[in-house]
């Protein structure tokens, strides 16, 4: 066990502390950590400039491009009123029965967030969804939890995330889709459990009534336009079933192409005459919305290259190999027990330290990449729903007059169930 290896681990701990205590944002912490690790590992200065900073900035270029197209699609869905119509259609189907409303609204949110992302989209959808839920007597903290759980469920099928997993963990699309489908079913079942346990069966005194005027503001769109959010997802899953190469192997649909088709479909089924202005404004505003995520991916790319470099791997692999389990039972226990470390931008958060931790574990060669990816996507459920540092959690708590800690306490037990089942699934079927 070398001194350099121990120092690299301490660097992870130090920057984790800075991010958890919010003394340094992840945007700055990740590239800083990459440079410090490269220096400790003894990489030459010119090598750091070219192979860590330069190459790292474009390491996730595929995911960055996908994020831009995904943000454009999200703008189209917002501007055309598609998301608004999905939510209101779900509310009408639910009537005044709290459980029916909760089911319809939450799964409508999941449908929307297969394509949407970002705080702006959460606010846009949340200002419609939360009053509807609370108007049938659902407690504010339960309404907030339903919004966040629906958002998380949709995120499991969001193709922007697929592109990130593909670039960061070097996994093929077929593997990613198999995880997404299984994890999505598990999350949906636990969501149903949450609804039936926490939502009243009969309508009680309305906690918040929506004005009729607000409900009539958005024009209706055709039913087939409502399919826009899931067009890219459907293409990714159905395309390989239809098209094969000369050897009979499935041909995977390109993620960016799938989103571009979704963008054009959304415009042509709602406002085809406004295609030029709508597309132009969506590109400009979409890129602006996704800028923070792009900055984060630049830092993640640098950290991945710094950690996965053969020099660094040789120093830390002996340390990591003593920590990682070699049995499936040990694997399940380790990641379930440590899953709360996905909170507060912790070491199991893929959009923070988790990307570096994943690279460390992959370089150690103890666990297969599929098992590592599965564990981190599984623990991501906790981060996506429960994390008090998420901007969408902060806004949701403010809007419902609750607080992020209350939401954390209400949702964490259910997300732990999701993580447990997810990781058992990985151990049994993906190891």
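Quick reminder: no glycine exception, Cβ is built from N, Cα and C everywhere.
Annotation comment: TrEMBL describes 5-20, 26-48, 60-78, 98-129, 141-159, 179-200, 221-239, 251-269, 290-308, 328-344, 356-378, 411-429 as transmembrane segment.
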Proximity of the transmembrane segment (221-239) to the transmembrane segment (290-308), 3+ C-beta pairs under 8 angstroms: no
Region pair the transmembrane segment (60-78) / the transmembrane segment (290-308), three or more CB pairs under 8 Å: yes
Annotated stretches the transmembrane segment (98-129) and the transmembrane segment (328-344) touching (3 or more Cβ pairs under 8 Å): no
Long-range Cβ neighbours of the transmembrane segment (179-200) (under 8 Å; 6 or more residues past either end): 98-99, 102-103, 106-107, 110, 137-139, 142, 145-146, 149-150, 152-153, 156-157, 162, 237, 373-374, 377-378, 381, 410-411, 414-415, 417-418, 421-422, 425-426, 429-430
Within-chain partners of the transmembrane segment (328-344) [C-beta distance under 8 Å, separation at least 6 from its ends]: 19-20, 354, 367, 371, 375, 378-380, 382-383, 386-389, 408, 412, 416, 419-420, 423-424, 426-428, 431
